[in-house]
Amino acid sequence: MYLVESKGGAIACMLLALFFLGTWPAIMTLLERRGRLPQHTYLDYTLTNLLAAIIIALTFGEIGKSTAEQPNFIAQLSQDNWPSVLFAMAGGVVLSLGNLSTQYAWAFVGLSVTEVITASITVVIGTTLNYFLDDKINRAEILFPGVGCFLIAVCLGSAVHSSNAADNKAKLNKLKIEYASSSQELMNLEKGNGITEKAKAGTANFLIELENRRAIKVFGKSTFIGLVITFFAGVCFSLFSPAFNLATNDQWHTLKEGVPKLVVYTAFFYFSISCFVIALILNITFLYRPVLNLPRSSFKAYLSDWNGRGWAFLAGFLCGFGNGLQFMGGQAAGYAAADAVQALPLVSTFWGILLFGEYRRSSRRTYILLVSMLFMFIVAVAVLMASSGHRK
C-alpha cells in the first residue's frame, strides 16, 4: 500500500486535488446551460465517480506488502471494522447530498458564488472539527486566522451574488423598456424569438438566450431559493471530511482491540459506495418526480440521452480522483490542512468567467466585491496550507 508520508507530497496531492475539484463543477454547469437535465448528468457522473475510487483502491491500495498494522485494500475488506466503515459511508452520504444540491444551486446563484459559499462554510465548520479530531497537529495560531478569512469570504460571496443579481435585473428591465415601443417585438423577446444573432456575454440578450436554452429555468424565481440550497450544501460538505477522519483514525475507539484502522483507500471505497447509492436513488426518483419545475423524464430517456455524456463521465472521474487525493494528503498532513482544497472556487471562478461569461458587463461595485472575495480566498488558502502538520 502506497502512503504519502512527506509534507511536500501531501501539499502536492492537495494542489492537484484543488484543480480537479475546481474543474468538475464547471463541466456540470456547462451541460446544464446547454439544456441537459441535471438528473441525466448526475447519473452519468456518479458512475465514474465510483469507478475512480475503485481504480485508486486497486492501484495505490495494493502497492507493496500487506502488514498487520497497515493491510492492503483487499486484505482489509474481510476484517471486522464495521464501526469505521459506517463513519466512511456516512461521509459519503452527506457528500452526495451536498453535490446534488449544488447541481441546482449553480443555476440560481452562479458557479463562482456557489463554490465560494459552500467551500467557506466547509472550512469554518469542517476544519474546526478536523483540528480537534486530529489531536491539534495543525498550528492553531495559523489555522484559525485562515478559517476567519474563509468566513469573510462567505460574506463577500453573498454580497457578490446580491450585486450581480441586481445588475442582471437592471439589464433586463432596460431591454424591456427599449422594446416597449413595439408590443410584437416585446412578445418575441419574451419568447426568445427577438434575438437574431449570437448575443455577447453579459448582455441582457445573452441572459435571455441562456434562460431559453438551459435546463433549470430561473427567471421569476426568488434568488433566496438558490442561497438556501447553497447553505444547505455547505453544511453537508462540512461534515464529510470529519466523518472520513473518524473512519481512518478511530479517534472515538470504536474498533475492537487488535483490529487495524481503516486505511485511506478502504475508507474511500466505502465512502464512494454510499455516495453512489444515495445519488442513484435520489436521481432516479427525480427522473419521475422532478423538482424546481423541471420536465419529467424516465430511465429509458436517460439511457438514450448521449448528449454530453462523455463530459459528465469526465466530471465524475475528476471529482473522484480529486476527493481521493484530498484524503491521501489529509492522512499525511492533517485533514484540517487538507481542507485547503476548498480553494476550488478560485479554479471554478476562472472557468465561470472563461466559459460562461459570468460577471461580464457588471457594475463596478460587483467587480470590487468579486476581487475582494477572491483575494480573501487566496489569503485563506495560503494560511491554511501554512498550518500543515505531520501525523505521527
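Including glycine, each Cβ sits where the backbone N, Cα and C put it.
Database features (TrEMBL):
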- 6-30: transmembrane segment (TRANSMEM)
- 42-61: transmembrane segment (TRANSMEM)
- 81-98: transmembrane segment (TRANSMEM)
- 105-130: transmembrane segment (TRANSMEM)
- 142-161: transmembrane segment (TRANSMEM)
- 223-244: transmembrane segment (TRANSMEM)
- 264-288: transmembrane segment (TRANSMEM)
- 309-329: transmembrane segment (TRANSMEM)
- 335-355: transmembrane segment (TRANSMEM)
- 367-386: transmembrane segment (TRANSMEM)
Region pair the transmembrane segment (42-61) / the transmembrane segment (309-329), three or more CB pairs under 8 Å: yes
Whether the transmembrane segment (309-329) meets the transmembrane segment (6-30): three or more C-beta pairs under 8 angstroms: yes
Interface present between the transmembrane segment (264-288) and the transmembrane segment (105-130) (three or more C-beta pairs under 8 A): no
Recorded stretch, among 142-161, 223-244, 264-288, maximising Cβ pairs under 8 Å relative to the transmembrane segment (81-98): 264-288
Spatial neighbours of the transmembrane segment (264-288) far in sequence, C-beta under 8 Å, 6+ residues away: 1, 3, 39, 42-43, 46-47, 49-50, 52-54, 56-57, 60-61, 73, 76-77, 81, 84-85, 88-93, 95-97, 99-100, 240, 244, 247-248, 294, 296-299, 301-302, 320, 323-324, 327-328, 331
